[in-house]
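A.B. asks: Sharing the features that TrEMBL gives for it:
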- 1-80: domain 'PCI' (DOMAIN)
- 120-147: coiled coil (COILED)
- 149-196: region 'Disordered' (REGION)
- 156-165: compositional bias 'Basic and acidic residues' (COMPBIAS)
- 175-184: compositional bias 'Basic residues' (COMPBIAS)
Amino acid sequence: AEAANLPPLTEAQKNKLRHLSVVTLAAKIKCIPYSVLLEQLQLKNVRQLEDLVIEAVYADVLRGSLDQRNQRLEVDYSIGRDIRREELSTITRTLQEWCQGCEVVLSGIEEQVSRANQHKEQQLALKQQIESEVANLKKTIKVTTAAAAAATSQDPEQHLTELREPAPGTNQRQASKKTSKAKGLRGSAKIWSKSN
């Protein structure tokens, strides 16, 4: 619009402006058709357009790929442009929404941490209760064993050993039953193997 008041642009300056125009388009559209690019950049043919896009990629102005079959530029990333005054309200609103989302996530995390701490305290209290009950049971068993040993005037350790071991007569009967069962099983296994 003010070309008459400004000095003429060199070819490097025109390319720089074209790169920035591609960045502006990439902020709005991620797949830019060649026809739109040719019109916006005022280029004559597709070859010039592709060369310009390749220059922009090498200059790290944007990242993307040229889809020659579908005649479009697919943009993955582009640099940011200067912020205009009319964009400030949108940016402010976006940042406020992001802050609110962060606060919601943070409160959720704090709630989960407090639940985990309560669960941990409950488990520790339960563990201590079980340990105290086990200690009380051990004391009770020792006292009972000592009292029984004192009543029979035996050594408490010997009395505990007798309580653990069954009477000699019951052991022999159980052992003979086990051996007879085992023999029966062995004999049947031999017969089965012979018939095969």
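Cβ atoms are placed via backbone N, Cα and C, with glycine included.
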A.B. asks: Averaged over the whole of the domain 'PCI' (1-80), what is the pLDDT?
C.D. replies: 86
A.B. asks: Using DSSP, break the domain 'PCI' (1-80) down into helix, strand and coil residues and give each count.
C.D. replies: 42 helix, 16 strand, 22 coil
